[in-house]
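J.: Can you keep this structure in mind? I'll have questions shortly.
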Amino acid sequence: MSDKTYPVSAYWNERAYINAAKYKDMYKRSIEEPDLFWGEEGKRIDWIKPYTKVKNTSFDPANVDIRWFEDGITNVAYNCIDRHLATRGDQTAILFEGDDPADSRAITYKELHDSVCRLANVLKAHGVGKGDTVSLYLPMIPEAAFAMLACARIGAIHSVIFGGFSPDSLAGRIEGCRSKVLITADEGLRGGRKVPLKANADLAIAKTGDIVQTMIVVTRTGGAVDWVEGRDVRYEEAIAAASPECPLTEVEAEHPLFILYTSGSTGAPKGVVHCTGGYLVYASMTHQYVFDYHDGDVYWCTADVGWVTGHSYIVYGPLANGATTLMFEGVPNYPSVSRFWEVIDKHKVTIFYTAPTAIRALMGSGEAPVKKTSRASLRLLGSVGEPINPEAWEWYHRVVGEERCPIVDTWWQTETGGILITPLPGATPEKPGSATLPFFGVKPQVVDATGAVLEGVCEGNLVIADSWPGQMRTIFGDHDRFVQSYFSTYPGKYFTGDGCRRDADGYYWITGRVDDVINVSGHRLGTAEVESSLVAHELVSEAAVVGYPHDIKGQGIYAYVTLMNGIEPSDRLRTELVTWVRKDIGPIATPDVVHFATGLPKTRSGKIMRRILRKIAEKEFSALGDVSTLADPTIVDDLIRNRLG
């Protein structure tokens, strides 16, 4: 845990929407008078029929029921496009940066309206209406946003499936939400390689019987694909023939907007359901206040729309606010490790939101690839996806932001719809590695294993004591699982599944998933804490820590470590790292195994697959599960071959 604090600068105190005094006042009102507070904030979106009811929620396990603005009627596409046309129709809505640096284009709000209306009409022509589900299996191209908004325009429910998922994973998700239409592309592009999306989709549909009636195929590469007459539709031909005007479908605030599948600790993936009104209010509000978005900013979130971060902070939040949002098809290290910073200079990006895993990977290449670029346009940095260790935070702040850009280290989940714990750049002194303080309306508590609420400085499990508008409403088709997963462990509270520490200033430090806790000789250790210690060593680029069976301790600590470029593994360095962690955290945290690795198994979105690392450490090589979603599946073979202990 870092003891450094970075105060809010005078510039940010004066310029930001929210300063410290305003945060304190607004937060107090949001907790004490939620109906009044959210009744006002709900007006940030336009309503066809205004709401009269604001909050109607229950966390009682016998009756979990979450409703916000429930008697209001609106439309998400109207709020993200139509209402901006009169004042910013010619403003860029989406900046697209392709995998190839020569491939970029700007799409105005008028052009976005045209494309979305045409695709909405195509969907209607193929029998899609209000309440029907449409699955999207697309690369990071503007057509992904068009498809999401086209569904929203006609009241259809979209289910975006990450383009890195295997045919089996795709099939399971199509079956789960019974999509009659699938929108995909011939191929995707990622790091100079082609991804066979249409071929994968064909294999998936073959496994799902007659659920999918229509497959709409976007031409991305022009590569040869198999074609099923009567089922497959060429996107370009269909939209060219469609009308550029499509009337809005009025939907209730609680009408589902999308289903997004996320992994559960047990069983099949969970179809997280987010609804229209509360979700959009929360996505818009968090985007504006957390990133301090002002007209003229160029905002870039590096996530994929296949994940919730892409939904909330590439598409819905920014577009609801009339922003210019950048969509990036590529990867941080193609064609060079300067790519992120070159894109920032090319498009004059002012707000940059990325994942700690990307920052740590780029740290391994040193400062030179960053410093060869200007980055003068940047004014705010963000972090999302997992806790950022203090060393990566400091590097991000010093090297990328040149010590002038605050970092909003945001904590939230697929289930929360938007950011729950975060600094606000004009209000919150920052501590490297801490998500700091709750956003408006968010009531975090730290509880022990029995559910007793802990006060003051403490460590335990993180729960949220009351609802917020962006919260998921249910698991698609399985409300009992929703209640069991989130409200039964600590009845009356939403259980996040994360561990947490609270310091003397009331700041929250996320310590990692509770299922990423190692129990060493009866002592609980968060893996994030050990990983952070290892990465603090100057020769370490990345680290991932898991538990494995130990005859004496119950669980031992198995550390996978990748080194900085040019550093060779050695027994001496292994001993040095073990001593380093002992000194940093204490003898209880001593790694039993330090496994030097050439790389870690990551999904194409950059998430480290700790499940696979756990199985390798446990020698359960036959139980690795699906590795097809990994950016480089060959890393797994190398890790198995070199397993230690």
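Yeah, the Cβs are placed from backbone N, Cα and C, and that goes for glycine too.
Feature table excerpt (Swiss-Prot):
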- R190, G191, G192, R193, T309, N333, S521, R582: CoA binding site (BINDING)
- G385, E386, P387, D409, T410, W411, W412, Q413, T414, D498, R513, R524: ATP binding site (BINDING)
- V535, H537, V540: Mg(2+) binding site (BINDING)
- K607: N6-acetyllysine (MOD_RES)
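Distances, neighbours, how buried they are, the whole picture for these features please.
T.: Within the same chain, no residue at least 6 positions away in sequence has its Cβ under 8 Å from that of R193 (CoA binding site).
Annotation for R513 (ATP binding site): spatial neighbours G497, D498, G499, criterion Cβ-Cβ under 8 Å with sequence separation of six or more. Under DSSP, R513 (ATP binding site) is assigned to a strand (E or B) in the three-state scheme.
Cβ neighbours within 10 Å of V540 (Mg(2+) binding site), excluding its own Cβ and spanning all shown chains: 25. DSSP assigns V540 (Mg(2+) binding site) to a strand in the three-state reduction.
All protein chains considered, the CB of K607 (N6-acetyllysine) has 16 other CB atoms within 10 Å.
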J.: Out of G192, V540, K607, which of these recorded positions is nearest G385 (ATP binding site) by C-alpha distance?
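T.: Closest candidate to G385 (ATP binding site), judged by Cα separation, is K607.
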J.: Which of these recorded positions is closest to G192 (CoA binding site) if you go by CA atoms: T410, V540, K607?
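T.: Closest candidate to G192 (CoA binding site), judged by Cα separation, is K607.
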J.: Here's one to test understanding: among the recorded positions T309, T414, R582, K607, whose C-alpha is closest in space to the C-alpha of H537 (Mg(2+) binding site)?
T.: R582
J.: An 8 Å radius from the center of the V535, H537, V540 Cβ atoms defines the neighbourhood of the Mg(2+) site; name the other residues of that chain inside it, in order.
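T.: Along the chain, the qualifying residues are E391, S533, L534, A536, E538, L539, S541, A543, V561, L577, W580.
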J.: What does the structure give for the C-alpha distance between G191 (CoA binding site) and K607 (N6-acetyllysine)? Integer Å is fine.
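T.: Approximately 17 Å lies between the Cα of G191 (CoA binding site) and that of K607 (N6-acetyllysine).
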J.: Report the nearest neighbour of V540 (Mg(2+) binding site) in space among the binding-site residues T309, P387, T410, W412, comparing Cα positions.
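T.: So, spelling it out, the nearest of the binding-site residues is P387.
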